[in-house]
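Colleague: Supplied in structure tokens, the structure appears directly below.
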């Protein structure tokens, strides 16, 4: 019996090892693979090929198959998602026109449409619009050997060189009547030379450094240092006058960093023509005004014996609290607008959580010491 089991195990393992490469080969592809499409109306040997998105195994084949007519074939693993290719003037998603295709569940007929990417929210991605001149009847998508093949023809002297690739969320497919898209699962941006077939991957958007600086300066300045300064003023007064100078130093540093972050944000808005940041911008300006009032309060600080001191304390403390609450809210809102991901939410959330626990602990100690 043991011998029989061992022989069976070896036999089935051998069969599995033979089948596994075939299964992988079905979904994986390279530029050296034969194009498995039989209904092409042109010579497939004309096609140039680039491994467009290596991590997702996106392969792009293209050629000028007639005067001012370019044929594109994008292939990707069929993983129950939509696939997309966008053509951009500046390497950014906003303002681009894209071709998106999908096969609905249950093996229905594939659908592909042009979309205009007016903004980043789903409501700003409009189906059946865009400035790509697609040849009538050329747009289609099909599944062959566990891969999607989306093909289309563009009328253009030379297509745009900045190309975006997108992969949709698992299990979601646009449907009638709106055919709205959800946010992509992941995307990448490349530039391509149509003459040589060379391609380079764009490492982040053209304004990614400015966007990160804007976020980090505001996060550290308004969202961390201002809280630390408030804790110093409330719980460290037994160390006179160290607490006072520490409080001023931390708050002024936070104000300057926050001011830098807001200036970066205004520059970023101007360069990207962002259309969905009006609320975020208004909150940021309100926070800057409250921060400025806090700085001015230092200059108008009355003596402890003054009858106006209690009014000054009320003003200084409550403006500070309002500023901190608005800053925390606006930072999380900014992370949401920028689609920065869970790492930014988790990082700043952890910092706020630690500061909140410290504040609670210091309040408990203060109550117990009374």
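A Cβ is built for glycine as well, from the same backbone N, Cα and C atoms used for every other residue.
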Colleague: Name the residue range among 196-214, 215-233 that TrEMBL annotates as transmembrane segment.
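Modeller: TrEMBL lists transmembrane segment for residues 215-233.
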Colleague: Under TrEMBL, the annotation transmembrane segment belongs to which of these stretches: 140-159, 160-179, 280-299?
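Modeller: Range annotated as transmembrane segment by TrEMBL: 280-299.
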Colleague: Quick test of your reading of TrEMBL: among 101-124, 245-268, where does it put transmembrane segment?
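Modeller: Transmembrane segment, as annotated by TrEMBL, spans 245-268.
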Colleague: Under TrEMBL, the annotation transmembrane segment belongs to which of these stretches: 323-343, 344-364?
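Modeller: Matching range for transmembrane segment: 344-364.
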Colleague: Are the transmembrane segment (245-268) and the transmembrane segment (280-299) close enough that 3 or more Cβ pairs fall under 8 Å, when only pairs 6 or more apart in sequence count?
Modeller: yes
Colleague: Given the binding-site residues 214, 280, 316, which one is most crowded in terms of C-beta atoms within 10 angstroms?
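Modeller: Top count of Cβ atoms within 10 Å goes to 214.
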Colleague: Within 10 Å of the Cβ of residue 247 (heme b binding site), how many other Cβ atoms can be counted across all chains shown?
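Modeller: 21, counting other Cβ atoms within 10 Å of residue 247 (heme b binding site).
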Colleague: For the domain 'DOMON' (56-168), what does DSSP give as the number of helix, strand and coil residues?
Modeller: 4 helix, 62 strand, 47 coil
